[in-house]
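Listed features, source TrEMBL:
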- H238: active site (ACT_SITE)
- A140, N208: NAD(+) binding site (BINDING)
- 28-135: domain 'Aspartate/homoserine dehydrogenase NAD-binding' (DOMAIN)
- 186-272: domain 'Aspartate dehydrogenase' (DOMAIN)
Amino acid sequence: MSSFEGPLLLPPSTSTPGAPIRLAVASLGAIGMAVVEAVQSGRLPGFTIAAVSARDIEAARARLAPVAPDVPVVPIAELEPLADIVVECAPAALFGEIVGPFVANGKKAVVLSIGALLTHGDLIELAGRTGGQIIAPSGALLALDAVTAAAEGTIHSIKMITRKPVKGLLGAPYLEENGIDIAAATEPVKVFSGTAREAAKGFPANLNVGAALALAGVGPDATTIEIWADPALTRNTHRIEVDADSASFSMAIENIPSENPKTGRITALSVLAALRKMTAPLRVGT
Ligand SMILES: NC(=O)C1=CN([C@@H]2O[C@H](COP(=O)(O)OP(=O)(O)OC[C@H]3O[C@@H](n4cnc5c(N)ncnc54)[C@H](OP(=O)(O)O)[C@@H]3O)[C@@H](O)[C@H]2O)C=CC1
Ligand SMILES: O=C([O-])CC(=O)C(=O)O
C-alpha cells in the first residue's frame, strides 16, 4: 500500500505547447545523475531538467554544479508543481512519496524502483482514474517487448536466472534475514529461488528486473526467480526463459555495473530511450 495520501483527481496540468517537457529527477544517484548529464548535454531534444530532489541538498547542488548549476534542488514534496514528468530513481522506500503527486495530477512517472510497484497497486489504480501513467522502462533487462507480446496470448512458464558479483548483492535483506554470508564466497552460490514477489521483498535494491519481468508477463506469483552470487563475475547477468503458445525464447544480458555496483549502466540509457519514444515520430519495439 502506498504511503502517498495527497490530493486526488485534480485536473491534469498542461505545459505550454511547443515548450520543452519538464523533467523532475528523484534522486541524484547513478541513474539520476546520468539522466541529468544526458539531458543537459542536449542528447534528448525537447526535454529539460526542471528540478531534482536529493537526501543531501547541499551535496546534490555541488554534484550538479559542473553540469546543471541552475537546476533547483528541492525536497521531494516540492517536485510535482515544477515538472510534467518525474523520473523516479531513488531508494524504493520513497516510491509513493515521489510518484504519488505526479499520478494524482494526471502526470507521468518513469519508474526504476519497479519492485515497489508490487506493493503500490493503488498508484496504478490512481493513474487509471486521473489519466496519469506509470512507465516502467526495460531498465537493466531485455526482452520485455517479446514478453508483453507473448502475454497477449498464453505464457506457460517464465523464469529468470540472475547472477551477480558478490558486491552487487551485499546488504540485501533476504541474505541478512537468512544468515547467508556471501562475502567470502570463492565459488558461485545459489542464494535464492522463489517467486518474483518474494525476490522483490528480499532484494529491493538488487532485483527490480524480476518485478519488471513479472509485470510484463504473468505476474509476481507465477514468475520464478533464481539468484546466484558469483565471485568470478564482473557483470550483473540476467537470463530469462519463456515458454508460451506463441513462441519459446531465452535471452541473456550481461550488464556492466555503473558507479553503483548493483545497477547496470544500461539502466539510465533505457530511461533516455523511454523518454525519447514519448515524443518520437517513429517508435520501434512495443
Ligand atoms: N528497473 C531497473 O532495471 C533498475 C532499477 N534500479 C533501481 O533504481 C533506483 C535508483 O538506482 P541507482 O541510481 O543505482 O541508486 P543510487 O544508490 O546510486 O542512488 C540513489 C539516490 O537516492 C538518494 N537518496 C537516499 N535516500 C534519500 C532520501 N531519503 N531522499 C532523497 N534521496 C535519497 C541517494 O542519496 P545518497 O547518495 O546521499 O545516499 C542517491 O543519490 C533504485 O531503487 C534501484 O534499485 C537500479 C537498476 C536497475
Ligand atoms: O534489477 C536491478 O535492480 C538491477 C540489476 O539487476 C542490474 O542493473 O543488472
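Glycine is no exception: its Cβ is also placed from the backbone N, Cα and C atoms.
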Under DSSP, the domain 'Aspartate dehydrogenase' (186-272) has how many residues in helix, strand and coil? 23 helix, 32 strand, 32 coil
Rounded to an integer, what is the Cα-Cα distance in Å between N208 (NAD(+) binding site) and H238 (active site)? 11
For H238 (active site), write down the residues of its own chain that are at least 6 apart in sequence and whose Cβ falls under 8 Å from its Cβ; none is a fine answer. A140, L141, L142, M160, I161, T162, V209, A252, I253, N255
